[in-house]
Amino acid sequence: MSSLSLKEPKTYSLPSTADHASDLTQRKTSKFRRLIVFAGLTYFVLALTRHWSPVSELLGSKSVQNVKPDQHLCPQVNVLVPVVNRGLWESLGDVYRTEEFRLRAIGWLSGAVNVPTESYDGMDPVGVDPRWETFGKLHEYLDTAFPLVHSKLVLTKHNTYGLLYEWKGSDSSLKPLLLMAHQDVVPVDHNTVDQWTHPPYSGYYDGERLWGRGSNDDKSGLIGSLSAIETLLETGFQPKRTVLLSYGFDEEASGCEGAQTLAKDLLEKLGENSIALIVDEGVGFSEQYGTVFALPGVAEKGYLDTRIEVATTGGHSSVPPNHTSIGILSKFLVEIESHPHKAKLSRDDIFYSTLQCYAGHAKSLPSDLRKAIQHSVKSDKALRKLQRIAFQDLETLRLVSTTQAIDMIQGGVKSNALPEQAWAIVNHRISTLSSVEDAQAHDTELLKSLAKSFNLTFTAFGQHITDPAKPSKGRLTLSDAFGTSLQPAPKTPTSGDNALPYEILSGTIKATYNNHRQIEGDNIAVSPGMSTGNTDTRYYWKLTDHIFRYNHKDMKGGLLASNIHTVNENIEVDAFLEGITFFTTLILNTDESTSI
Ligand SMILES: *[C@@H]1O[C@H](CO)[C@@H](O)[C@H](O)[C@H]1NC(C)=O
Ligand SMILES: *[C@@H]1O[C@H](CO)[C@@H](O)[C@H](O)[C@H]1NC(C)=O
Ligand SMILES: [Zn+2]
């Protein structure tokens, strides 16, 4: 993914161990009381809630009994295993745990890592820029590595290197499942090659981990999904529901050539709302406060690069005005940094839902935090208190609010000439509760009075803020720097009538987790999540309401352990194998649901 941030709010003020222990005892007592009250209530609520029934249908009556009573803050579905294909699913789990399959999976992934499919910012289009040609090599590899996929699925290429596979289901009335991944990787900085423990495109396996650029982001998703399908094809499985695979090739450079074309072609062919659900790369699962949480991304922040350009009359540097274009621009930039976007925790924030899930399921959440979360549901005062605690963590603050970062600047051509022009670019990541227009208005309002004091004609995002006919000392122009602004993504439903895909995904995550570890019961909680970056899914909104950014991958040690986007990127092979189990389980589970 482009960039992301895993929420590990370990920086909240934790009570001392002694406090914590007594809190735990207290909690047990009150928990017991709540248990009695909610045992009846939960059953009642579940019986009334229509959207649970299709999952219960698949599972028999078990799902209702197994929902824990204090989980009303963040209801969980039961483990969801295939019913019709249960035998197949279990035997594939056995296959995936063999040494033979492990070696096969290592070979599959390693071969893909060997092809350096780097994408760069500002590349010329396909057919013009020769650097795209490396993707042809990857396609040759995929063709030989996955023979059944290439003989049984229909492959079409979009803008030469965009791959769209169609595994046609027998029931055309069912909306397809769409799995996404990207073929490209972040370039390896030539200056860092000698810092890699194993050469960056070696795909070296050290007995535990597989090393190399792309091993994790995102060839594990690309090869993981293809591996699951190749193996399913070997068993003779034929889906009822069509499975589509859409693999872009410039996600790391914003997806204009790859995902944009693929999504456009899919939309033309299938129409709006024609897909049951989409799963693309995203954050995985990790332990938070004593409980393992999976955090499928259900939204994405928006994006805006504001270009601030100042133009004034040039001239000889020996008779300067009080302020040059560069000096004036600097004042504007100071103004911007002095006025960050206001951050406010709202009950509509995705992060607020994540907090609810922590309160509902995290075994060792500090009790003051748990209380603040619980009370905040009804009390605005408690919500503000929760905000104060949560925003102590800078990453959390950045996740929730609209951010700004001055990332580029240029001006002047010569040391003895007054600069006629100077510009800077402010990068914004827009809160899911805000919009591109809000961010533009914020920048515009902020610079109005300064622009006036410098006597500049002001134009912002195509609008005249001052009268362009009036004489002035120069111009201030704000614009969308590269025309790449993006609204925050629509929020994928995670509760209510339209949340069945989320529930199927949740049950699938739980089943995968258990299958991989050969354990039973409810061992992983699923919570709505969000990362700070964008994925290729930005082009797919019209195809479905149900987009999930999720890699079923153990993130123990956090993101840093796998070195995504930097030196020594790697993946634990065990995690990669679990990912294959996830794709297999998702395909089989969605194949059996008739309600999505
Ligand atoms: C420039 O600065 C001088 C003082 O250094 C001040 O007297 C003058 O008014 C300024 N000129 C303008 C146009 O602001
Ligand atoms: C702004 O600059 C123009 C051009 O020098 C001048 O005619 C005008 O009076 C100035 N306006 C103000 C408010 O200083
Ligand atoms: Zn990625």
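Cβ from N, Cα, C; glycine included.
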Choose the correct range: of 1-20, 121-140, 301-320, 361-380, which one does TrEMBL annotate as region 'Disordered'? Give that range.
-> 1-20
From D143, D265, D280, grab the residue that TrEMBL records in the same Zn(2+) 2 site as H182, D217.
-> D280
Reported as an integer number of Å, what is the Cα distance between E251 (active site, proton acceptor) and D217 (Zn(2+) 2 binding site)?
-> 10
Should D184 (active site) be counted as helix, strand, or coil on the basis of DSSP?
-> coil
Should any of the recorded positions D184, E252, H565 have a Cα within 10 Å of the Cα of D280 (Zn(2+) 2 binding site), which are they?
-> none
Integer average pLDDT (0 to 100) for the domain 'Peptidase M20 dimerisation' (298-452) | 96
Got a sec? Which of these binding-site residues, H182, H565, has the most Cβ atoms within 10 Å?
-> H182
What is the separation, in Å, between the Cα atoms of D184 (active site) and E252 (Zn(2+) 1 binding site)?
-> 7
D217 (Zn(2+) 2 binding site) - helix vs strand vs coil (DSSP) | coil
